[in-house]
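Encoded as structure tokens, the structure appears first; notes follow it.
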Amino acid sequence: MSASPLDQFKILTIFKLPNIAGYNIDFTNASLFMVLSTISVALFCYIGLKKESIIPNGIQSIVEFIYEFIVSTIESNVGKEGLQYIPLVFTIFMFIATCNLLGILPLGFTATSHIAVTFAISMVVFVSVTIIGFKHQGIHFLRILLPQGTPGWLAPMMVFIELFAYCARPVSLSIRLAANMIAGHTIIKVIAGFVVKMNIFLTPLPMIFIIILIGFEIFVAILQAYIFTVLTCVYLSDAVKEH
């Protein structure tokens, strides 16, 4: 029986750990690839910035390009006052992009295809933005729940709707990212399996098509990290700027 395209998303235990308060904390393939993503990002930045030079080398150029891209994204969505949160936004972008890209490699696993992982990342953003909002605006941050010009009789309903929308942010962020990663990797698996079954793997046209598809998936992996980053900056804008 042929393997399902969804088998690539199965959580597999690598080694067991004692339960904590009844919760299973076994080290899984998802844990492994999140650790690999973290190490990869740290090494990439360390190697790129270890020997800074006026004329940057290849890795330094990439690190500086990503940094400048993050700065530009923050400035365009939050403003100069948002630049103090570059470490947060940079880390989120790099971690998600690396997790997405590692899943494309042979024998790789896409940690961001699981809602538990993407929801955890989204909650980091949600909690951080909420804390930053109260830090910058104090109690006035709650104005985000009541749009200006709202009639008094409509205020209770609007507060309820806006509160629901605000609390739904991490849910929408996590579902969007996980769903896109599942869809992209599943399509590649299905088409690759079809090519192998038809015994046309070595013919030029299917090979070219698969290469193009993988290239597109790399683009989508980076694009999803970018979209998540932009939405994070939009939420930061709500927290930093008074309404």
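Along the chain as shown, the residues are counted starting at 1.
Glycine is treated like the rest: Cβ placed from N, Cα and C.
Listed features, source Swiss-Prot:
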TRANSMEM  29-49  transmembrane segment
TRANSMEM  54-74  transmembrane segment
TRANSMEM  89-109  transmembrane segment
TRANSMEM  114-134  transmembrane segment
TRANSMEM  144-164  transmembrane segment
TRANSMEM  182-202  transmembrane segment
TRANSMEM  208-228  transmembrane segment
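Among residues of the same chain six or more beyond the transmembrane segment (208-228), those with a C-beta under 8 A of the stretch's C-beta atoms are 92-93, 96-97, 100-101, 103-104, 112, 121, 173, 176-177, 180-181, 184-185, 187-188, 191-192, 195. Here the transmembrane segment (29-49) has long-range neighbours at 11-12, 14, 59-60, 62-64, 91, 94-95, 98-99, 102-103, 108-111, 114, 117, meaning same-chain residues at least 6 beyond its ends whose C-beta is under 8 angstroms from one of its own.
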